[in-house]
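Feature annotations, courtesy of Swiss-Prot:
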type	residues	note
BINDING	G12, V13, G14, K15, G16, T17, R127, K199	ATP binding site
REGION	32-61	region 'NMP'
BINDING	T33, R38, G59, Y60, V61, G88, Y89, P90, R91, Q95, R160, R171	AMP binding site
REGION	126-163	region 'LID'
BINDING	C130, C133, C150, D153	Zn(2+) binding site
Amino acid sequence: MIKRFIVFGPPGVGKGTLASLVSQKYGFEHISTGNIFRSQIASNSELGIKLKEIVESGGYVPDSITNEIVKKTLADLEKEQKSYILDGYPRTLNQIEFLFSLNKAQEYSVWFLEAPSEIILKRLSGRRICPSCNAQYHIYFKKSKLDTKCEIDQSELIQRKDDQESSIIKRLEIYEKQTNSLKKYFKELGILVEIDASKDREEILKELEQKVSL
């Protein structure tokens with residue numbers, strides 16, 4: 001039987017980290033719309049160029065683009081009978097309605113991650129990426145042994161534009177406007193699981209395992 005999960009919450013709350021941990025432990029597919037967008041941007045395709053402009057300005061990718069990308073990805077997984085975790089999708093009522101037109105709402109479990117905004121700001125603004133191999137570091141939690149260089153290939157680490165403070169604040173504002181009513185909506189459907197994401201990753205995973213049948 002296919003298990004379908006949605007990890008939901010503000011930027012920087014740890015959705016990707018939790019989804020990766022669960023995917024590795026239980027063998028689920030981790031579907032990150034952010035990673036899909038970044039691979040499109042790296043390919044320098046027509047869609048990638050369009051996405052790059054939106055992402056670097058801290059803007060929001062239109063539902064029409066995101067929905068079609070997700071639809072194609074999920075169709076392949078459903079065909080192969082693979083369980084999956086959606087990370088970064090859905091984020092609007094339009095996206096939710098689109099997703100639940102593909103599968104019934106009750107076939108999903110929504111993990112709602114929450115943490116104070118100051119913790120989110122610290123987590124995001126401290127991220128550093130290797131532009132060559134995409135290795136990730138953090139100036140507070142996972143410093144490179146080579147200071148500002150990548151341990152793997154010695155490239156100078158960079159901060160993504162959407163991890164700069166001004167972009168983070170803009171993203172959080174967009175999130176608040178778009179998702180205030182979504183938590184209530186998921187709760188009314190009886191598919192919401194609330195998780196305290198201010199703790200460390202092992203404690204967050206433990207809480208999830210206590211609340212959700214994986």
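Every residue, even glycine, has its Cβ placed from backbone N, Cα and C.
Locations of recorded Swiss-Prot features on the structure.
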residue: G12; record: ATP binding site; contacts (Cβ under 8 Å, 6+ apart): I120, L121, R123, L124, I168
residue: K15; record: ATP binding site; contacts (Cβ under 8 Å, 6+ apart): V7, F8, G9, D87, G88, L113
residue: G16; record: ATP binding site; contacts (Cβ under 8 Å, 6+ apart): H30, S32, G34, D87, G88
residue: T17; record: ATP binding site; contacts (Cβ under 8 Å, 6+ apart): R201
residue: T33; record: AMP binding site; contacts (Cβ under 8 Å, 6+ apart): V61, T66, I69, V70, L86, D87, G88, Y89
residue: G59; record: AMP binding site; contacts (Cβ under 8 Å, 6+ apart): E53
residue: C130; record: Zn(2+) binding site; contacts (Cβ under 8 Å, 6+ apart): Q136, Y137, C150, I152, D153, S155, L157, I158
residue: R160; record: AMP binding site; contacts (Cβ under 8 Å, 6+ apart): R127, I129
Chain residues outside the region 'LID' (126-163) and at least six past its termini with a C-beta under 8 angstroms from it: 55-56, 58, 171
Euclidean distance between Cα atoms of V13 (ATP binding site) and C133 (Zn(2+) binding site), Å: 24
Largest CA-to-CA spread of AMP binders T33, R38, G59, Y60, V61, G88, Y89, P90, R91, Q95, R160, R171, angstrom: 26
Predicted model, mean pLDDT over the region 'NMP' (32-61): 85
Residues close to Zn(2+) site centre defined by C130, C133, C150, D153, Cβ within 8 Å: P131, S132, N134, A135, E151, I152, Q154, S155
Greatest C-beta neighbour count within 10 angstroms, which of the binding-site residues V61, C133: V61
Helix, strand and coil totals (DSSP H, G, I; E, B; other) for the region 'NMP' (32-61): 22 helix, 1 strand, 7 coil
Euclidean distance between Cα atoms of R91 (AMP binding site) and V13 (ATP binding site), Å: 14
Inter-residue C-alpha distance, K199 (ATP binding site) and R91 (AMP binding site) (nearest angstrom): 23
Most distant Cα pair in Å, residues G12, V13, G14, K15, G16, T17, R127, K199 binding ATP: 18
Secondary structure content, the region 'LID' (126-163) (per DSSP, counts of residues): 3 helix, 13 strand, 22 coil
Rounded distance in angstrom between the Cα atoms of R91 (AMP binding site) and G14 (ATP binding site): 15
